[in-house]
Amino acid sequence: MNAMLETPELPAVFDGVKLAAVAAVLYVIVRCLNLKSPTAPPDLIYQDTALSRFLLKSCPLLTKEYIPPMIWGKSGHIQTALYGKMGRVRSPHPYGLRKYLTMSDGATATFDLFEPLAEHCIREDVTMVICPGIANHSEKQYIRTFVDYAQKNGYRCAVLNHLGALPNIELTSPRMFTYGCTWEFGAMVNYIKKTFPQTQLVVVGFSLGGNIVCKYLGETQANQERVLCCVSVCQGYSALRAQETFMQWDQCRRFYNFLMADNMKKIILSHRQVLFGDSVKQPQALVDSDLSRLYTATSLMQIDDTVMRKFHGYSSLKEYYEKESCLHYLPRIYVPLMLVNAADDPLVHDSLLSIPRALSEKQENVMFVLPLHGGHLGFFEGAVLFPEPLTWMDKLVVQYTNAICQWERNKSQCSDTEQAASGQE
């Protein structure tokens, strides 16, 4: 009799379990998608100068909220995954000419040259020299989207194809791109300076490319001649300090490390006939035992130690990371420099952001821009679910460079006026 009275209560218990399960799922979704995170303008660290005040007036994106897609845009992982998987949505196909440059060691550097599609805002000849991220090239969708937008704003664009990254271009020497080798980028810049003697340069680097362009500018003062400004997006600044964080499971960095290492292995192995063998002559030639270790590598650090550092004869991984990082070159850059990172970038540990923060607090030419969201090279925008083709990052870089161009033009006009006035006296 008591059992018969208790059975009607069981459905209520089951409903409670279902409700708890639904609540748990919703909680996980809210946490994973970071839905409770606010939208806000990016954090800006800079010195109060006439240039920085001009930039704040001329670049609305620096002081305006960055609003990512509502449902998934506040997750740095999803932003990063979408960038990694599809690059951009509805990416255009800009037309460019591929250039080939023979390096002193027999390597063949390539870059793609895209002419402007409109008149520049200051009616001058300005060329963007662009260095993509790790193992990337001009055919990547995020590069195509940015180049098309820059062309429509009056910029000529030269995009470096990292040595060995293009699947249809064979290596002509036993060497690939590395974390901080500036040889190919420097050759491209010199070609642009020689071919277009009137052009001024805007230097842009994405992720690993940010390290390369900053290191290039800081290597010698001559590298900064005719350079209006430099923009670095989503780089990590110090490989030596980053290597420990890349082995941590926090923010799934170890998983990302594995995926990038797997991609690098495929690229290296596609060139194994050129890179490995008895006929290879370089400071530390790659041998069959290196090939065996490469097959079993599960991290970028193992690949760098087994293969990459040997292209330039470094005796240890520590030496390779110290010499190839832009960390010690950043203070030597004197042109306007904008460093952009996302606070939720799963690849760049928060501790690494102290580098650009400290630099921008000391040097007047540096501005550090840190939005809450964007992931690694994501920065998608959109209302609810579907992202727009053009990202916040694309618009910010062009807006910043337009402002710098206008600033330099205003300075030039003021100088001409002063000279004319002194001449009349």
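All positions are counted from 1 along the displayed chain.
Glycine is no exception: its Cβ is also placed from the backbone N, Cα and C atoms.
As annotated by TrEMBL, active site, charge relay system applies to Ser207 (among others). The Cβ of Ser207 (active site, charge relay system) lies under 8 Å from the Cβ of Pro132, Gly133, Ile134, Val233, Cys234, Gln235, His376, Leu377, each of these being in the same chain and 6 or more residues away along the sequence.
The feature active site, charge relay system is assigned by TrEMBL to Asp345 (among others). For Asp345 (active site, charge relay system), the number of other Cβ atoms no farther than 10 Å from its own Cβ, over all displayed protein chains, is 25.
What TrEMBL lists as active site, charge relay system is His376 (among others).
Annotated domain 'AB hydrolase-1' per TrEMBL: 127-383, in sequence order. If you average pLDDT over the domain 'AB hydrolase-1' (127-383) in this model, you get 94.
Cβ contacts within 10 Å of His376 (active site, charge relay system), excluding its own Cβ and spanning all protein chains shown: 26.
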